[in-house]
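Trainee: Copied straight from Swiss-Prot:
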| type | residues | note |
| --- | --- | --- |
| BINDING | Leu116, Gly120, His121, Leu122, Ser348, Pro349, Phe350 | (6S)-5,6,7,8-tetrahydrofolate binding site |
| MOD_RES | Lys224 | N6-(pyridoxal phosphate)lysine |
| SITE | His223 | site 'Plays an important role in substrate specificity' |
Amino acid sequence: MSLEMFDKEIFDLTNKELERQCEGLEMIASENFTLPEVMEVMGSILTNKYAEGYPGKRYYGGCEFVDEIETLAIERCKKLFNCKFANVQPNSGSQANQGVYAALINPGDKILGMDLTHGGHLTHGAKVSSSGKMYESCFYGVELDGRIDYEKVREIAKKEKPKLIVCGASAYARVIDFAKFREIADEVGAYLFADIAHIAGLVVAGEHPSPFPHAHVVSSTTHKTLRGPRGGIIMTNDEQLAKKINSAIFPGIQGGPLMHVIAAKAVGFKFNLSDEWKVYAKQVRTNAQVLTNVLMDRKFKLVSDGTDNHLVLMSFLDREFSGKDADLALGNAGITANKNTVPGETRSPFITSGLRLGTPALTARGFKEKEMEIVSNYIADILDDINNEKLQENIKQELKKLASNFIIYERAMF
């Protein structure tokens, strides 16, 4: 029996989401379009298999083939990131980070991470997160120019003496200097943990410096800029840390791994290792630069005055409207983005004075400089006349026509 016959409600809603993804423009920096091949294996019979443990050391029988699959995923991950050890079992980036903390430090130990309101992530010590409840957290941020001041990070580290320093961000448009972070970590005797979830796809293509050999441990998601399935990974070059990480993930915080997702990670890594991937990642940055240039030419303020990666962070501190207003206006025109706090923030986190835009998903659809210039100017048009609902509707129809030339999926399920 087909899904349409068995559960028409879910079938119809899934197809409505397909329509939304195809007709609209996805510019949330952390979202992307994965491969049909990735979705195909995620919907396979591998979902039926329990495989607690690791290849060759399972608690269940019948794991000979999933052992081969997980080993393949591990080897591809190691090759991709040029590291010696990899754990591909984390179900998400947050669980990967949780596993790193459990492996490297003890509850109550101090961690130094990037302030959430400055571009960090919940799992980097935010008080509302378990990382801020189980561990004592302190923070560094960006200056009013939107950039990390590494000397200030050093001062904070010397004062706070953390056991672990987290470098990585969810809304930072500039290159992260992993070597400087390692210098600081060594000065205070801390582990350096790099969370590259948002830039991993650029890192493996050589479009952003690698955290290796500087970081003791590296984590990432496998979706976002990597375009794989939703999941997490942890990597290191230290054998003893690798053993601790493995124990922290299983049996520490997870039971049976999701073998259908691990297989999908392996498929994604194969794509990431191809020459085609390097072309894609380069275009992501090129498109982000086009977006930057148009918005700055149109007199919009960008945090750090530009970008080095896949995202642009707009600041509306000098405007009467908020990040929430901008988010809603673009949404009315079929452009999905997200409101974001900015340096010098004056509004609440639910309103904000900023907007985060990213180019990975549009690039995955085949958008290049010409299309990005069109889209960027439409964004500026909307924000220059933010209450003009007729303009928003007109642009929505124009963008729907543009999107129809770049259909990413012909069907909702694989």
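Placement of Cβ uses the backbone N, Cα and C atoms for every residue, glycine included.
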Trainee: Which whole-number value in Å describes the distance between the Cα atoms of Ser348 ((6S)-5,6,7,8-tetrahydrofolate binding site) and Lys224 (N6-(pyridoxal phosphate)lysine)?
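Mentor: Distance (Cα to Cα, whole Å): 26 Å.
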Trainee: Rank the binding-site residues Gly120, Pro349 by how many other Cβ atoms lie within 10 Å of each Cβ and give me the one with the fewest.
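Mentor: Counting other Cβ atoms within 10 Å of each of the binding-site residues Gly120, Pro349, the minimum falls on Pro349.
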Trainee: Sort the binding-site residues Leu116, His121, Phe350 by C-alpha distance from the residue listed as 'N6-(pyridoxal phosphate)lysine' and give me just the closest.
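Mentor: For the residue listed as 'N6-(pyridoxal phosphate)lysine', the closest Cα among Leu116, His121, Phe350 is found at His121.
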Trainee: Name the secondary structure element type, per DSSP in three states, that contains Leu116 ((6S)-5,6,7,8-tetrahydrofolate binding site).
Mentor: helix
Trainee: What whole-number distance in angstrom separates the two most remote CA atoms of the (6S)-5,6,7,8-tetrahydrofolate-binding residues Leu116, Gly120, His121, Leu122, Ser348, Pro349, Phe350?
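Mentor: Between the most distant Cα atoms of the (6S)-5,6,7,8-tetrahydrofolate site, 17 Å.
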Trainee: Can you give me the Cα-Cα distance between His121 ((6S)-5,6,7,8-tetrahydrofolate binding site) and His223 (site 'Plays an important role in substrate specificity') in Å, rounded to a whole number?
Mentor: 16
Trainee: At the Cα level, what's the spacing in Å between Leu122 ((6S)-5,6,7,8-tetrahydrofolate binding site) and His223 (site 'Plays an important role in substrate specificity'), rounded?
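Mentor: Given the Cα positions, Leu122 ((6S)-5,6,7,8-tetrahydrofolate binding site) is 18 Å from His223 (site 'Plays an important role in substrate specificity').
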Trainee: For Phe350 ((6S)-5,6,7,8-tetrahydrofolate binding site), just count the other CB atoms lying within 10 A of its CB, please.
Mentor: 9
Trainee: For the recorded positions His121, Lys224, which one has its C-beta crowded by the most other C-beta atoms within 10 angstroms?
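Mentor: Counting Cβ neighbours within 10 Å, the top one is Lys224.
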Trainee: From the binding-site residues Leu116, Gly120, Phe350, pick the residue whose C-alpha lies nearest to the C-alpha of His223 (site 'Plays an important role in substrate specificity').
Mentor: Gly120
